[in-house]
Amino acid sequence: MYLSRSAEWSALESHYQDISHQAMIDLFSTDPNRHERFSLSFNAIHLDYSKNRISARTMELLMDLVRRSGIEKKRRQMFEGEQINFTEHRSVLHTALRRPPGYTMTIDGNDVASEVSDVLDQMKAFCKKVISGEWKGYTGKRITDVVNIGIGGSDLGPFMVTEALKPFAHGKLKVHFVSNVDGSHLVETLRGLNPETTLFIIASKTFTTQETLANAVSARAWFLVKAGNRDHVAKHFVAVSTNREKVEEFGIDPDNMFRFWDWVGGRYSLWSAIGLSIALYLGFDRFRELLAGAHAMDEHFLNAPLEENMPMILAMLGIWYNNFFGAHSQAIIPYDQYLHRFPAYLQQLDMESNGKRVDRAGHEVDYATGPVIWGEPGTNAQHAFFQLLHQGTEIVPVDFIVSLKSQNPVGEHHDMLVANCFAQSEALMKGKSEAEARAELEAAGLSGGDLEKLLPHKLFPGNRPTNTIVLDELNPFNLGSLIALYEHKVFVQGVVWNINSFDQWGVELGKQLAKAILPEFDAVDPVETHDASTNALINRYRQFRNGLKFPKSNQLKMF
């Protein structure tokens, strides 16, 4: 039966009518154990989901819906390597990358465990050489800077992790990331670097990704201006790829190619050799801790009862708001500056996975799927868009993420940070009533018409849902668990919505059209092969590119 016509869906629609007008503050007043009822801890991660518009009955109905989806079977299929990415005929086995030694798994006749172990050993040996200074550049100097050139999952994950774990870096290497094909990204990154002491990681599964190869070729040209001899490329460029021929053609020693597999999706690839920049920056042992943390969350996801399962709970709360409250975006607010790239990382993880409009049978869905994910670190976010969260017309569920321990204890800074995090979750839940606002204005000396005019602007409706995820400390193990928590949340939602969370065909169309437009910039005659708007834009750029002056706008006469 179609999801939106199932008995479980209908029960939630009916329940929404009963609970949608209830105020969370009243639910807390009538249930002194509400926090204990709606919170749980796993290792060093605590999830408080009590500030949601839910009751025990809500959670029962949500768990009925997730059971209807066959989540336990789908979960087993993913972990056992079945081809759940059916549009690309691929297994989904990023979880295999973080399993400890000793397991066995065979996919298409290949010993997955052995292959993963071999690549990890290769990464470990390489990291040891570079960090110790044994690996030297073409002039005999040790490497001081590592530049990762990749895009999408080859950039977002490693960049986020290296930023998040800066306090755990060994300090012998600086790491930089280039992703955008905009030449400014490469130029500004290379400014001040020394070709003699710079190592480039070219991260591209096929070694044909347009943006990555453009940046790699330009980086090589920059390097050769000083190095001169193309033979020196092998000492300063390594690859994470599966295309040995293209890697060797570029000038990279195939012994310095770190492989990964088609069962590793880009947005899940930081656990693979794509994480080489992480391992170089932190040291391989720290990278192993990151993997161990993710594996711990994998085990929790596999074994915890649905009602006590963090990814399941987060996933179903998201569905509750997206599909029944019509809340089609979610804010991720880490109260930790080291996590400043975490919202951007989650954008790809969530929106590329679940931004789908057809179900697994190819039919258009009649319900919302993946929400818009956005966010910034607190407290910066408070001074940017919290106005909308508190008093806007849209309900935006929020995930707050905060660490109890600061890596940089300075005065009362961390106390202030944590106080703001907890205060925002309380404020979004409680709001401010007319009586409270009136009393505040009267205490400030306002009365009569002035008070009445200002009063509506001082009201906060409250009843805005939030989760608060509390880490004991942001360290490699806990970050690994946090990332895996969101990975599995996204997977569960995709299963419930009956979509394929592991392909990304929506990325392709624009890339195809860009390949057609690029040679048209060199056309002799005006371009007329597109719609009128696109033709005009192309021809305008061609005029500028060819050094012609633009015609003056008639509007200029107005000034």
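A Cβ is built for glycine as well, from the same backbone N, Cα and C atoms used for every other residue.
Swiss-Prot lists E352 with the feature active site, proton donor. The DSSP secondary structure for E352 (active site, proton donor) is helix. In the shown protein chains, 22 other C-beta atoms lie within 10 A of the C-beta of E352 (active site, proton donor).
According to Swiss-Prot, the feature active site maps to H383 (among others). Note: H383 (active site) has no non-local neighbours, i.e. no same-chain residues 6+ apart with C-beta under 8 A of its own C-beta. H383 (active site) carries a helical DSSP state (H, G or I).
DSSP assigns K511 (active site) to a helical segment in the three-state reduction. Long-range Cβ contacts of K511 (active site) within its own chain (separation 6+, distance under 8 Å): Q210. According to Swiss-Prot, the feature active site maps to K511 (among others).
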